[in-house]
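Under the heading domain 'Hemerythrin-like', TrEMBL lists 200-313. The region 'Disordered' annotation in TrEMBL covers 304-340. The feature compositional bias 'Polar residues' is assigned by TrEMBL to 309-318, 327-340.
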Amino acid sequence: MPATLNDTKRSAIAMKLADMQAIQQLIIDNEETLLSQCNEKSLVKRLEDMLEDDRKNLEIVKTAITQYGIQSEPKESVQEMVDKAKNVNARSDMSLYEKLAHHELLKHGQIVSGLVVHKAAQVVGQDVEAALSPINTVNFENRAHQERLKGMLEYVGTQELTGEEPDQGLWGRVQDAVAAATGLVGSAVSQSADGENVDIMDLIFMDHQKAKTLISEIRSAENSEQMTALFGQLYKDLLVHAKAEEEVVYPAVRSFYGEEDTQELYDEQEQLETVLNEMKNMDNTGEGFMDKLRQVKSLIGDHTRQEESTMFASMRNNMSEKERKQMAQQFKESKQQLQS
C-alpha cells in the first residue's frame, strides 16, 4: 500500500519524538554532571528537584511514543549534537555559569519541540492528539524549569563577577516563586484576547505547577522567615485549589470519570489537608517539618499525575470545549470567593 501524506506526517512526528527522547536523556545527564560540580546548597536543591522531574518526564516521553505506535530513531544531526553536547559539562575551561547557560538553551529547545509536537498532533488527527497529550506535562514543567534556571544563572553570574551573592531577600524569593507560575498563566491566558476563554485543564495544571514551584522554593529557603512566608502561600493555594475542585470539578466529572476514581481524588486532598495542618503548627527549622514537606511533595505528585493523565483524558472525551471553558469560569469564581 503506498504511503499517504498522513503517513509522512506521522513518521515525521515519530522522529521528532525520538529527538525529544534523546534530548531529554541529555538533559538528565547534564543535571547529574552539574550536581557533581556544584557545592552551593540552594543550587543543589533546585538541580535535584529538576533532575527528579526530568527522570519522570523521560518516562512520560517514552510512554507517549509507545502510545503513539510508531518507533523511530532521532535525526542524525540531533544525535551528533547530543554527542557533542555531552562533552560541554566535562570541560574544565568553562565556568558553572556557562554550563548552566548551555543547559538553559537545551531546555528552551525542548520546550519548543514539545509545542511543535502538540500543534502537529492537532493537525494530523484526534488519535494522535490523544496519544501525545501527556507531552503537555513535559512542556509545562520544562517552562517552570527554565524560569528556575534563569534565577540560578543570575545567582551564579553575580557570584562569579563580584564574589558576592546577589541582593535577593525574602520578598524577592517570594516574587520569584510566583513569577515561575505567572509565566505559565500568561501562556495559557494569552490564547484568548480577554483571558476568559481558558480551558479548566489549563487552570488546574497551572495551580499544580505553582504548588511544585513553591515546594522547591521552601526547600531552598535560607532562613525560617523565608520558609514561613513561602509555606503560608503554599498552604493557602493548596486549600483554595482543593476546595474549588471539590465544589466545581469533581461533582461534574463523577458521572463519567467513575465513582471510585473520583472518590480517590477527594480522599487524597483530605489526606493532604491533614498533613498541611500538621505542618502549620510545627517548627519549620526542624527535620520533622522537612519530612512532612517531602510527604506533601509525594502526595501532590501522585494526585497531579492522576488528574493530568486519566481525569484530563476523561474530560476531553466527555466534555465539549465550551463546557470545559464554562467550568474554568466557575472554578475561577469559586477560588475568588474562597480567597476573599
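Glycine residues also receive a Cβ, built from the backbone N, Cα and C atoms like all the rest.
Nobody curates TrEMBL annotations by hand; they come from automatic prediction.
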PLDDT averaged over every residue in the domain 'Hemerythrin-like' (200-313): 92
Helix, strand and coil totals (DSSP H, G, I; E, B; other) for the compositional bias 'Polar residues' (327-340): 13 helix, 0 strand, 1 coil
The compositional bias 'Polar residues' (309-318) - residue tally per DSSP class, helix then strand then coil: 10 helix, 0 strand, 0 coil
